[in-house]
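**Q** Before anything else, here's the structure in question.
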């Protein structure tokens, strides 16, 4: 039915307690607190204990979101996890989450869209609920990026942290998701990727010794493309929602890539910094979890009020970009 409204019934998140500060990184690689803050705005990031799988922190975020939605696990009939750090190549992390929370009635799968994964998953879940075949969807962005971060590479190891965020989607009487906008450019796969472990480069002693199981990034190129793509995605999502300009929105929740990117996006969108929700200084870049965690924090801090129009916007490997306008 075209008049169905799909909205967010509850949100949740989980951040590991272990903190890695810039001072800690100074003792690990050739870097400094000043260098990291100047280039990224990041002061600390949180890491799971070694051996903790993505499904575990996804499960904890899911519990929080279910509580917010006032639903039981049996009420969920769809689970989608956005992640680039799955527990295993297969089965899906969503299946592990299903087992942990006891959502026995749910269909489960993962979405791999890197930092855009949470918004991609929201878009997929919205469409599947709108089709009439599903009622309540649990959408999760969760990452254990510490497992694929090269802690000897000073250019990348300062950026990333672990965490998980979740949202429950379902039918609402008013408001809800007004638009989603997704895009990709597969010609730019080489700018941000993890070389080994897939069918193109199966794991061998050589791939391990050559550190090919850690993410690789061309930082300067990614920076420029991220600013443009996130700006365009936010503008296009607003336009699809019938909103003439992003500055008419009440809050912008961007993927927390780094502070310089976020401030550059705000400048291009002509919005004041106060309209940006920022937590990158505390958590670093958590890939798909960034937007999900920021959404829940914004809700719990009272930054989003009933009737507000907000936009989630992200950019990641693929390249991928995504935005979603929601009336709260």
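Just so you know, glycine gets a Cβ as well, placed from its N, Cα and C.
From a predicted model like this one, the values you see are computed outputs, not experimental measurements.
The active site annotation in TrEMBL covers 115, 255, 285. As annotated by TrEMBL, domain 'Beta-ketoacyl-[acyl-carrier-protein] synthase III N-terminal' applies to 109-186. Taken from TrEMBL, the feature domain 'Beta-ketoacyl-[acyl-carrier-protein] synthase III C-terminal' applies to 245-328. The feature region 'ACP-binding' is assigned by TrEMBL to 256-260.
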**Q** Long-range neighbours only, meaning 6 or more apart in sequence with Cβ under 8 Å: which ones does residue 285 (active site) have?
**A** 42, 115, 145, 159, 160, 161, 255, 256, 257, 258
**Q** Averaged over the domain 'Beta-ketoacyl-[acyl-carrier-protein] synthase III C-terminal' (245-328), what pLDDT does the prediction give?
**A** 98
**Q** Run through the Cβ atoms and count how many others sit within 10 Å of the one on residue 255 (active site).
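**A** The answer is 33.
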**Q** Quick one: what's DSSP say for residue 255 (active site), helix, strand or coil?
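**A** SS state of residue 255 (active site) = coil.
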**Q** Suppose we draw a 10 Å sphere around the Cβ of residue 115 (active site). How many other Cβ atoms does it contain, all chains included?
**A** 31
